[in-house]
Structure formats: structure tokens, C-alpha cells
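According to Swiss-Prot, the protein has these features:
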| type | residues | note |
| --- | --- | --- |
| ACT_SITE | CYS346 | active site, nucleophile |
| ACT_SITE | HIS475 | active site |
| DOMAIN | 260-483 | domain 'GATase cobBQ-type' |
Amino acid sequence: MKSPTPALMLQGTSSNAGKSILTAAFCRILLQDGYRVAPFKAQNMALNSHVTADGLELGRAQAVQAAACRLDVDVRMNPVLLKPNSDTGSQVVVMGRPVGNMRVREYMAYKPVAFDAARAAYDSLAADVDVMVLEGAGSPAEVNLKAHDIVNMAMARHAEAKVLLVGDIDRGGVFASLVGTMELLDPWERDLVAGFVLNKFRGDATLLSPAYDVVTGRTGKPFLGVVPWLHDLGLPDEDSVSFRETLAGRAPDVPAGGGMLDIVLVDLPHISNFTDLDALRREPDVAVRVVRSPEQLGSPDAIILPGSKNTLGDLAALRSRGMAEALCALRSAEGGHLGPVIVGICGGFQMMGRFLADPQGVESDHACTEAGLGLLPVTTEMGSAKVLRRTSAKTVSGWCGAGVAAGLMPGTGGGHGGAEVCPGEGYAVHGYEIHHGVTTPDAGGGAVLVCLHESDGSPAGWTTPDGQVWGTYLHGVFDADGFRRGWLDALRVRRGLEPVGRVVARYDLDPALDRLADVVREAVDMGHIYSVLGLSPKGRRQT
């Protein structure tokens, strides 16, 4: 009988302990050391998702981990994806395709089917590589959930994986969490744990030695590393908790006389694919902040309405907070000054239209039609069919996503040192679509122009003639370095600032993954980890 593929698994004492990032780190380390490696997470609950080349959906974290392995994204890496669309239910996606919306008890009954799919996907993927790196979810010691576990110890047992238990030391109480987790595990589960890794440490690691002795004495498990707090890593956040925490300390406004652009993301209860903002956050002249109320808006240069897993519900939330009224008030120029550019992506794009129709009850209990924000003269009709595809598009000649600012004509760079902010040939953009519904211009409902188009001429984005409002279904539209800088420079000119005129921040995950791997390699005992896996370094590849 063939031996199972060696497997390492990252589990945590809590959510947001850093399992996804550390999984990516070990994927890149193993790749650097000469192994064919692939990531795997049996079940992911997330609103950040990605689309494979063949139009299948999986968690965004596994797409980043695939990049760490320098592999194309494969749906087998995340066979079960849960996308919460209410407080008690989720859309269930199995092997990249939605199988229905389920409440908690419905999904519990469905879990044996989901676990069968997960095991089959794992076995197939593991047969293609030298070593697997698995990620768990939450904590393996949730005693009320263990009977239905398919993502932590049950998956580790199937894979015969060696488990590293990760604790977030920055939150405090990590040693109690490690001991408590081990106490709540069954004996067979404890046997799978190879050791502990502390994550997000700030300070002198030598001061931790007394705690190691106590915890190892109680559990019999060694500490295999202390990973430092990683600043400005340049990789997408795992979930909305970490994303909101990252931006929580931003200043409420950026002084009008400063050189920084103030870009606001409107927070939504069911926000999805907020990774659309990651590339903007890397720009040196941009401050991105999250707002939840009209009082926090200030006077930004741009406002972004992000994706949503429950567009109708989040639109109602905007109204109840007063945000809908505030956004509409900012649509018009006041006092002779240009108002902020307002951008909608996916669900945010749908909200910006005049109407949202849901005749099949995709997002509601019954057929309904709701008024949108009325910022774009378009209407969306929800449908049960889910659009999942990668898309390449190009900006319409001379359009740069911020209107034509005073003193700057498209494609001329007039009066601003010759910097070409809106090129005549247009910018190439690439991304993916994940949505229910079709959006079309209203017949006779006001002027709206195509601003992005695919190679066959199909519209991929719409804008008002003045360029102040535009929307697209394209997740990742700001990942394109040229378009992103052109848009930001147009915002700068709109504010009376000099355009930068060149790409200064390249959105490339590969160097960030190498930096991550270097830090983690230095922080953990790779010799011990290779030993428990029955492997040895083959000699590092050139990166």
C-alpha cells in the first residue's frame, strides 16, 4: 500500500491567529527547498473568494497559498466554501459551484456529503505533489462543533497530517489557550499535534522560556517557533476582522493641503472581496479608511462601495445608517468644488443603480423590487444563475475613472509636466466576476456611458458622463498597476495636486511571499518540522 503524501497542518487556538498566512509561508518554504507542494483547506467560511480559470469558486486565502506554491488556482484546494449571507445562513459552494443556501441545521445534515467531497478532493490533489500543507479553521477545541468537524482534526486524521498548533500571542492569554486547547482534545487528536508556534510576537523572545517549560511540561509538546509581528507584509488580509482592525486606526480625514489622497471604503454588514482595496493600500500617496456612518465621511477624494453577499440587505443597512442619503448628497459639486468620485464594485455597483429587482427571491424571502441609490441610471435583475468567470477588459480611450479634471485633457497631460494621466489607447485591466444578476442601462433613464469593455466590445463598466460615478462587476480592477496609477493621478489633478506620472507601487505578491518565507524560516525550527514529516531539505531553489 502506498504511503500517504507527507502533510503539515496549521491549526489555531482561535480565529485570526494567522493560520492562512503561515500556511502560505510554509508552502513557499517547501517550494524553495525543492518540493512540489500544494495548499488545502477542507472548508472555508469567507466572503473573500476567487475564481479559477475554469470558472469555479474557492476561498481567496487558498488563491494566495497557491501563488506561494507557484501553482495555478485549483478548486481542489478548497472544496467547500461557505459564504455567509445572513446571521444564520450561508450559500454553500462545493467544488466551486453553489449547491444552495442553508441554515446551520440544514448544513449540519449536509456535512457528510461535504466531507466526502473534501476527502476526494484532498486525495486527488495530494497524489499530484510531494507534500501538502493544510489549514484548519477557528479552533479544533470547539466542543460544541467537534462532532461535525470536517476541517480540523477529522481532516488531519484523514491526511495523516502533523499538526502545528498556532497561538496569537499579541492578544494575550496564549499559553492558557494552548494548554486549554490540548486539554479539550481527545487523546487521538493530541497525538496528531507535533508542536506549538507562537505568532505575532513583539519583544524579546528569550523572556518566553519559563512559559515554554510550564506548557511543555503539561502537554508534552515542544515549542517550534516564535514568529514576529510582520509589518506591511503586502499580502491580502484573511478575513473582515483583520481587515477592519488594520484600517481602524486611520485618521478621520486627510488635510486638503496635504499630498495624500483620501479614499474611503464604505463598510457593509456582508462586505465581500474587500481585497479589491489591497493594491490601493500599497500606494505611498494614498490613505484608505473604512467608514460606517455619515459623520465619518469627511471630504474624501473617492468613495468605494465594495462587494456584498447580501446586496439588498446591505442597501437597507446603508439607508438605516443615513449613509445612502449622505452618498447621494455628495454626488453633486458643492460651492464650485468637485465632489468625490464614487465607485461601485460588484454588489456596490448594483446598489448604485436606480432599481434592484429580485423576481426569484435570490436575496429575499419573496419576489421584490427595491429602489437603489440612483447614482447611475442602470437597473439590476437578480437571477438564480451565478456568474463565475475571469475577465480581461480595457478602459475606453481617454477615460481614467475620475472625470476630466480642470486643466487636464484626456491623453494630453495638459499643464501638468506632460504626465499622461488618461492615455489615448486605454488601460488593460484583469480580474474576475462573482455575482447573481445582470445590470443594464435604463431606457431613456439618463445618460450613462461604457467605460470598460471586453475584447469583443461587451460592456464591463459604466460611468456617468462627468466621470464622477462609475461601477463594474470586475473584482481586482485596481490590481492593474497602470490603471491604478492613472486613476490616482486623475484624482490628484482633480484635487489640484501634481500627478506622479509613473507607476511607483507594483502589486506583485511573489516578492512579498519570499519575504514572508524568509522571516518564518528564521523563526521556526525547520529541521524539527522536516524530521516529523519524514523529509529533508533538497537544497533551496533559486527564487
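Positions of Cβ are set from backbone N, Cα and C atoms, glycine also.
Counting every protein chain shown, the number of other Cβ atoms lying within 10 Å of the Cβ of the residue listed as 'active site' is 27. Across the residues of the domain 'GATase cobBQ-type' (260-483), the predicted structure has a mean pLDDT of 86. Reported as a whole number, the C-alpha separation between CYS346 (active site, nucleophile) and the residue listed as 'active site' equals 7 Å.
When secondary structure is read from DSSP and collapsed to three states, the residue listed as 'active site, nucleophile' falls in the coil class.
Of all the Cβ atoms in the protein chains shown, 27 others lie within 10 Å of the Cβ of CYS346 (active site, nucleophile).
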